[in-house]
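Taken from Swiss-Prot as is:
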BINDING   20-27, 82-86, 137-140  GTP binding site
BINDING   T27  Mg(2+) binding site
DOMAIN    11-205  domain 'tr-type G'
REGION    20-27  region 'G1'
REGION    61-65  region 'G2'
REGION    82-85  region 'G3'
Amino acid sequence: MAEKEHYVRTKPHVNIGTIGHVDHGKTTLTAAITTVLAKKGLAQAEDYSQIDAAPEEKERGITINTAHVEYETEKRHYAHMDAPGHADYIKNMITGAAQMDGAILVVAATDGPMPQTREHILLARQVGVNSIVVFLNKCDLVDDPELIDLVEMEVRDLLSEYGYPGDDVPVVRGSALKALEGDEEAQKKIEELMDVVDEYIPTPERETDKPFLMPVEDVFTITGRGTVASGRIDRGTVKVGDSVEIVGLVEKVLTSVVTGLEMFHKTLDLGEAGDNVGVLLRGVDRDQIVRGQVLAAPGSIKTHKTFKGQVYILSKDEGGRHTPFFSDYRPQFYFHTTDITGEIELPEGTEMVMPGDNTEFSVTLIKPAAIEVGTKFTIREGGRTVGAGQVTEIDD
């Protein structure tokens, strides 16, 4: 195997992503950011088709898979995730949104906030994305500046509605396509956006002192070397030689030793919270580990089947259910990176839960999940998100 380039950590690292309604220009903006930063030698310019390249979407022209792009500003190193915009593929938004320290919300000035704008803001809030910066795109297509003011007000109100500081959120107006085409004014706006991202989205306090935990997103085999699990480190640190446990979905916990570590296809000495890494595991067969399990410091997390959760159930207008549900309702609970069916039991005195309600209830899962108090989840049925919440109590 060829010797890999070594990843050197010099600037603080931040995970961000683009969110917003389909066709509002998320991927075009991602391409524009890399193109503008490439002129300063801080990125490799990625064109739209490179970022948009996921096999399933070719026939349909909708972003399905999550693209990771890396670039730098003068101050920081960024991993940028392009979140899918289409409601059918909200599942990737959920695995993706969990990977963001902050987000750039893209809203087309020609349209204003649309249903998925709202859904992405809600999901960002529920999966703990605490800082959002707004890019009003396609401003070159709106003649009347008062109309753009109106769209900006609507976006600020919407952010406030979901608990973001709508009045203080920075809003940058521009045109991603114009910037991509080389328009100087438009490129200045992209620079302004990145300055705002540098300043407004705080460098995350990495949870490096907590025990290591990494939800497994993907598993593959390197011939002659063994099995690799990849994902974003949730907390703690990991290095070659560490013992780890593979926890979740089955009762039995498997123990292994880390024999290799990579980030951005470069070898890494130490992986820390927030890093997207590949972990090479000793003595683990490809079929002994699956997406949805976690790698964890030995003894730090256990599997559970029953818990209480504080949950927000989406209203009909947010794309949620149209009808209430009762005890014994059996949707899917999306933990870390996988769906597990669970049966809901409503608390005494609550006969039913209406779309739009905030509530707490008990859940019994059909498979054990690696969860603890504070673990976030979404509730899904038939491929759509109907609720989101977090674990408030473990009951088994």
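For all residues, glycine too, the Cβ spot is worked out from N, Cα and C.
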- When a 10 Å sphere is centred on the Cβ of G20 (GTP binding site), how many other Cβ atoms does it contain? 28
- Indicate the candidate from D23, K26, T27, C139 with the smallest number of other Cβ atoms within 10 Å of its Cβ, considering only these binding-site residues. D23
- Find the average pLDDT over the region 'G1' (20-27) in the predicted model and report it. 87
- How does the region 'G1' (20-27) divide up by DSSP, counting helix, then strand, then coil residues? 2 helix, 0 strand, 6 coil
